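J.: Mind looking over this structure? Questions follow.
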Amino acid sequence: SSSVMNISEHLSCPLGFGHYNAVDICILETVVIVLLTFLIIAGNLTVIFVFHCAPLLHHYTTSYFIQTMAYADLFVGVSCLVPTLSLLHYSTGVHESLTCQVFGYIISVLKSVSMACLACISVDRYLAITKPLSYNQLVTPCRLRLCISLIWIYSCLIFLPSFFGWGKPGYHGDIFEWCATSWLTNAYFTGFIVCLLYAPAAFVICFTYFHIFKICRQHTKEISDRRARFPNQEGDAAGESGHSPDRRYAMVLFRITSVFYVLWLPYIIYFLLESSRVLENPALSFLTTWLAISNSFCNCVIYSLSNSVFRLGLRRLSETICSSC
């Protein structure tokens, strides 16, 4: 028990948990944040290195957006070092209010980039399947770079009003006391973020993936009908093999998108409820916030398990590291 008390002296227990077993809660929260920080940084560094070492991954134009998401998620992990140091009572050298505002703004911008990239990926796959002949003329490397630049600029601008006293950008400050007591959410600002970011991205993703899988299902049905009518015809098999990779890749990206929204939905719901002054619970605030941030690591896991080319690049990277060691 003496060792636990010594640890607790170096931890800053989040506001609102004092009536629980403070020592256990603080240690648990510190372990969760430190573990997530390590997993996010290590996982996204791996994704970035694999993309640089596996040229086949650049066959799809969505690799631009996947790499942008990996860099954004990597910066999320680096930013998570701030609350980790705060819990351990390491001074950042900056006033707590400014630290809280900057941290909340950076996290919100980075996750906005991820959300916008997922929407752009769905549009890219939609164009690849619906306009295969003109796709290369519509989606060029120059336009992709311009789109990524606009994503970063838009994400930075949309959360700027939070610095002028118009609500929180979205992060619930359980770690920083000033965030929880002095920086309150605002229903109008929350509605502003939902209307200009969350809702449009969700609508675009639902619309594009609905039509992608509808077209793929129709294509599969047509191939089955032709095979039943002309069993010896080889052209249909070629058409099916050409269409199948696009469908499989769309499924990988759909899994990434689905997990993103599953992990972020509790956070968005709580954000809306807290902004409307319907619910205010520090425990839910902490859980929903860090559940959403954990998505920065989940993307790496999904992509490595679902994409065979990525697994091949990961194996080659591992062999290179092992041989050098």
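Using N, Cα and C of the backbone, Cβ positions are placed for all residues, glycine too.
The transmembrane segment feature in TrEMBL is assigned to 31-57, 69-90, 102-123, 144-167, 187-212, 252-273, 285-306. Sequence annotations record features per position, and here TrEMBL assigns domain 'G-protein coupled receptors family 1 profile' to 43-303.
Give me the local environment of each listed feature.
T.: Distant neighbours of the transmembrane segment (31-57): 63, 66-67, 70-71, 73-74, 76-78, 80-81, 83-84, 87, 175, 290, 293-294, 296-297, 299-301, 303-304, 309-310, 312-314, 316-317, 320; these residues of the same chain sit at least 6 beyond its ends, with a Cβ under 8 Å from one of its Cβ atoms.
Here the transmembrane segment (144-167) has Cβ contacts under 8 Å with residues 61, 64-65, 68, 101, 104-105, 108-110, 112-113, 116-117, 120, 184-186, 188-190, 192-193, 196-197, 275 of the same chain, all six or more residues outside its ends.
Using a Cβ-Cβ cut-off under 8 Å and counting only residues 6 or more beyond its ends in the same chain, the transmembrane segment (187-212) has close neighbours at 112, 115-116, 118-119, 122-123, 125-126, 129-130, 158-159, 161-162, 166-170, 250, 254, 257, 261, 268, 271-272, 275-277.
Below 8 angstroms of C-beta separation, residues 62, 111, 114-115, 118, 121-122, 125, 170, 172, 185, 190, 194, 198, 202, 205, 209, 213, 279, 284-285, 287-289, 291-292, 294-295, 298-299, 302-303, 306-307 of the same chain, each at least six residues beyond the ends of the transmembrane segment (252-273), sit close to that stretch.
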